[in-house]
Amino acid sequence: MNVIGVVAEFNPFHNGHKYQVEMIKKLYNPDILIALISNNFVQRAELSILNEEDKVNIALSMGYDIVIEIPPQISIQNAEVYCENSVRILDKIGCNIQVFGAETEDINILDDLIDKLKDEDIKKYTSLGHSYNKACFMVLEKYGLSKYYTSNNILALEYIRAKKKYNLDLSQKIIKRVASGYNDETISNNISSATNIRNLIKNGKNYENLVPYKSSKLTYILEKEDMIFDLFKYIFLRGDIDSIYDLSDELKNYISNRIRKAKNYEEFLEISKNRNISINRIKRIMLNVILNIKDVSVKEIEYIKVLGINKKGAKYIKNLDFCYVNYKHIKEDVKYEEFLNYLKVKKTLRNSIYREDL
């Protein structure tokens with residue numbers, strides 16, 4: 001039985017994602033196709049421009065049988081945490097194949113990169129003040145391989161590394177990205193990067209031919225970012241920040257000296273970044289504080305939350321002994337209609353940020 005899993009953000013779901021589903025069905029003939037998706041917060045520690053409910057409905061309409069949540073304590077972290085835990089969830093849900101996009105189609109090249117990226121070599125550069133990603137780039141540069149250290153290849157490397165780390169019985173397949181890279185602004189055959197689509201939305205430009213659904217579902221959430229900053233500032237200055245993930249005492253002092261000076265989200269990021277601390281890390285710390293994510297939160301997967309299914313997916317899920325939906329065990333005799341009732345997700349803080357009256 002081919003149970004294929006795809007880790008995705010769908011920020012937003014676009015024609016490239018549709019192409020990937022079509023290629024998976026053509027090449028691998030899945031019996032069950034599972035999407036493991038970020039919720040309303042994505043890996044860059046930003047609000048998604050497509051909300052969770054719409055992501056689920058679109059994914060099901062485009063050919064997925066089951067949609068599962070990447071828990072927020074995982075979905076907003078760095079590539080290592082994000083990929084490692086996502087692969088473990090795919091394994092727990094019974095996937096025997098993981099498919100992901102990358103700029104490099106040859107998985108042997110990526111295996112070679114992993115062999116070259118030794119911890120001791122990376123630490124030589126991080127000890128000099130370089131970020132982890134910059135350090136990896138510099139290590140590969142010595143071997144003439146830095147051209148392969150691209151955005152989607154980075155995620156692919158972490159997926160492969162996670163499989164090896166946990167010795168998982170999971171076959172990994174690559175579908176080469178077509179037309180646009182992650183940050184590419186070019187458009188080819190109506191396929192463009194998610195980054196470019198978000199920029200088009202932000203700037204009020206036309207993007208409707210780049211997504212395979214009604215584009216009114218997409219909104220740019222710039223006005224919500226200052227709400228995030230205000231909430232972060234309130235919690236941080238109140239002092240409710242003990243044991244927050246990736247927030248050391250040194251970073252607390254660093255942020256404390258800047259948070260009072262900033263008037264808004266963008267200004268805070270601008271005055272907080274430096275050679276050692278990237279903007280993305282600052283954004284992750286902000287959400288870790290708001291969502292009260294502690295060190296222990298990212299170490300173990302306590303449950304798997306199913307967000308949406310079709311009838312074929314429901315039949316598959318019912319036969320799993322360990323899957324939880326909203327913390328409720330799935331019973332063997334559950335009817336499809338009753339099962340759907342389990343899938344109603346309670347509104348949480350992260351959902352409420354989308355409310356107009358927040």
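Placed from the backbone N, Cα and C atoms, the Cβ positions cover glycine too.
Feature annotations, courtesy of TrEMBL:
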- 7-20, Gly101, Asn152, Arg177: ATP binding site (BINDING)
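For Gly16 (ATP binding site), other Cβ atoms within 10 Å of its Cβ number 22. Within the set of binding-site residues (Phe10, Asn152), the lowest number of other Cβ atoms found within 10 Å of a Cβ is recorded at Asn152. Long-range neighbours of Phe13 (ATP binding site) (same chain, six or more residues apart, CB within less than 8 Å of its CB): Leu50, Lys55, Ile58, Ala59, Met62, Val211, Pro212, Tyr213. Secondary structure at Tyr19 (ATP binding site), as computed by DSSP, is helix.
Figure note: comparing Cβ neighbours within 10 Å for the binding-site residues Val7, Tyr19, the maximum is reached by Val7.
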